[in-house]
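Taken from TrEMBL, the feature domain 'Major facilitator superfamily (MFS) profile' applies to 11-399. The transmembrane segment feature in TrEMBL is assigned to 12-37, 49-70, 77-95, 101-123, 144-165, 171-195, 223-247, 253-274, 295-317, 363-387.
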Amino acid sequence: MRFLPADATQDAALLIAARGVRAFGDGFVSVLLPLYLGELGFSAVRIGALTTATLVGSAISTLLVGFVSYRLRRRPLLMAGTLVMAATGVAFAFVHDFWPLLLIAFVGTLNPSAGDVSVFLPLEQSLLPQTVSNRQRTALFARYSLVASLVGAVGALAAGLPGVVSDQTGLGFLHALEGMFLLYALLALVALMLYRRLSPGVEAPPGVTHSPLRESRKTVLRLAALFSLDSFGGGFVVQSLLALWLFERFGLSAATAGAIFFWTGVLASLSYLVSAWLAERIGLVKTMVFTHLPANVFLALVPFMPNLPLAVLFLLLRSLLSHMDVPARNSYVMAVVTPAERPAAASVTSVPRSLASAGSPFLAGYLLSLSTFGWPLLIAGVLKGVYDLLLLAMFSRVKPPEEVAKEGEPC
């Protein structure tokens, strides 16, 4: 059975494979980062500050890429990103002081979230539509997200490795954690090899010159504003801080937290393929809203759960729905702009999201230092729910080309 759409090119497979490699690293880093920083003696507030620095740095680098991506080829930009990723892993393994780590977090590629907030995302997003037909675009984005989520879930499970290695070999737990950051650097080099194999044809369709936003500017800016609200809410529950809450509220080990995030990742993965099927039937915007809104209700209820099993149950229910909007959202952004505007649109919608999500981890860390109730989860659920309702109200009538064509087909 063919995994990718029938008309997808080899470049699509390479991009998805590279995304999977990066997702594995993001998976274990997002769980281990708060533990590692705690082992170094940092408070919840400082952990929140470092998380904020990673997101602010990602936003600025994504903005810079957006300014130059229509002038430069994206394959070299992706390869340069992997070199920064490798340097980030090595630096985190050997630097233990707060202020140098804050700087490294700012300029590096560490991802404290279960999703992709890095500079790689807009570059890959703008390349994927060139590798498949419009009709199969959402299906390809679904598989892109599916691989990222499944492999990221395995990465979260790998967060238990430092404990196992430490117990079996006598190696100090801190040194075992440092080894995971070196593994992160090694994964960057694997991604580099995959990006090197991309063909020249992946850069642009024939006769198309990339340009800044023009005719789609208003639409993209409105989407960017809405996505920023969603991301500001999401910043309260990036996976590193969600793990920190579980550690403090229920006293979990890294292995147990990793197992929980493994299953949330698996459930999220299953939802991606349903997303493509659902979008084909009810449209991209309705798919985003009707799956995301119930997920945010589940998230807001998690802090009220009196014990770990119920809290985990609601987190799992949330995961079953919360990521179903991702392939639909990515496909929608690429569909409502012209091919020439895709690199700029990907960056313009990604940068505000990264900036908006950057402030909330610091606030979440402060709230967690005051109470283990789970205020960040409640705030996130409410803000993200408001985003869903606004998206439906503002964009339910703005349809992508394939939905317009479908409406015009005879019954």
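The backbone N, Cα and C atoms fix where each Cβ goes, and this holds for glycine too.
Scored by C-beta pairs under 8 angstroms, the transmembrane segment (171-195) has its highest count with 77-95, from the stretches 12-37, 77-95, 253-274, 295-317. A contact between the transmembrane segment (144-165) and the transmembrane segment (253-274) is present, since 3 or more of their C-beta pairs, 6 or more residues apart, lie under 8 Å. Put simply, of 12-37, 77-95, 253-274, 295-317, the stretch with the most CB pairs closer than 8 A to the transmembrane segment (223-247) is 12-37. Taken as a whole, the domain 'Major facilitator superfamily (MFS) profile' (11-399) shows an average pLDDT of 88 in this prediction.
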